[in-house]
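Participant: Dropping a structure here in C-alpha cells format, bear with me for questions.
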Amino acid sequence: MYGRSGLDRFKKSQTSEPFSVSANPPPVVQQHLSPEALSGQKTQIGAGQSNWHPPDWAIEPRAGVYSLEVVKDGQILDRIHLDRRRHIFGRQHQTCDFVLDHQSVSRQHAAVVPHKNGSIFVIDLGSAHGTFVANERLTKDTPVELEVGQSLRFAASTRIYLLRKNSEALFSRPPPPAEIKLPPPPDASDEEAVVAYNTLLNRYGLSNGESGGMLGKRKEKTGSEAGVAKRMKKVRVSFRDQLGGELAEIVGMSDGADVETEPGPINVKEGSLVGKYESLVRVTLIPKGKVKEEKAFTGGTRGGVTDRLQEAMNMLKRGPKTGIYDDLYGGDSLAKAVGTSWASVSQPAAETECGGVGEEDDNDDLFGD
C-alpha cells in the first residue's frame, strides 16, 4: 500500500518525537557576522547630484558632532556622520548622498538637514511609503526635528537610524602640530610685539617655559618688565596721557580759570566750519527761580495775551473817554454812526457866577465821592 519508501517513512514517524520538549534544550547559538559580511551591509555612498536645495536655515555643522547609528536586529551595522549641509537618502545612486537598497524606498526619499540652532531636522521628499520619526509618519516637505536618541526609519526597511551626539567634539581643541616654529622673543620695550608673542604661545597652549631656553633666560632677566606688561594688559581703559601722549584741551567749566564760552574747536578760524557742526550745538537758557515781570509794558505782545485782551489794553491807553457809556457801545464808533448822542457830554453855553462850582461838579465822578 505504502510502497517500500513510504513504509520506511511511516515507521520512522512512529519512533521519533517531533513535538517533544527536552528538559535541557540546546543553547541558542548567536551568529556573529564577520567584517566582510558587515562591510557588505554598510550604507552605500551615492553621487549626490540632486537638484534639491535645503532651506535657508540649513548650515554645515561641525564635523564629528552628529551621526546616525544604523541598527538592524539589535546589531550596529554602520555609522553615518552628518557633516554636510544636506543628506539625501533614497534608492537612486546618482542623485542621493546615501543609497538605501530596499524596494519600498523611493528614488529621493528624505533629507536630513542640520539647523543653524544646533539641531537636526528630517524632511520627507514626497516618498510613496513614508518617512517615520519615532514611529510617526512625516508630512511631505514639512521639517520635523529629530532629537538625540530618537529613531528614523525609511518606508518598510528594517534598518533603524538612531541619532547620536558627541558633545566633546563641540569643545575639542585641534591637535597641536608636531613641530612649532616660533619667532625669536621680542624686545621687552616693544609692548605690541610682546602681546603678539604671548598670543601666539596661548594659541598653541604653550607657556613661556615650554617655548625654549632662550625665552626662559629672557624671563629671568626681565621679570619686573613682564609684571608691568601683565598689569597693563589687565587695564581695559587707557588714556592718552598714560601712553606718553597729551590730552586735548576741552573748553568748559573750570575751577575759577577764565575760559572761552564760545563753542567750537580750538585754533580754528571762525566761519571755516560753518554748516559742519552747527547742528551739534544747542543753547538753552534756564532761569533760576522766578523772574519779576516788568511793571511797564512797552510795545509788542506778551506771551499768553490774546488779541481781544490786547485790544482792551490799547483802549485804556488812549486817555479819558468822551462818554460815560463808551466802553459799552464801542466809544467813537457809536458817536460816528448816530451823530450827537445823548451819551455825549455837552459843553456849557456860558459861564455863570457859579462857574467855579460847575467846573468842580463836572470834574467829580458820576456817582460822587
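Glycine residues also receive a Cβ, built from the backbone N, Cα and C atoms like all the rest.
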Participant: Can you dig out which of the ranges 1-26, 27-52, 79-104 Swiss-Prot describes as region 'Disordered'?
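Facilitator: The range carrying the region 'Disordered' annotation in Swiss-Prot is 1-26.
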Participant: Please list the DSSP helix, strand and coil residue counts for the domain 'FHA' (87-138).
Facilitator: 0 helix, 22 strand, 30 coil
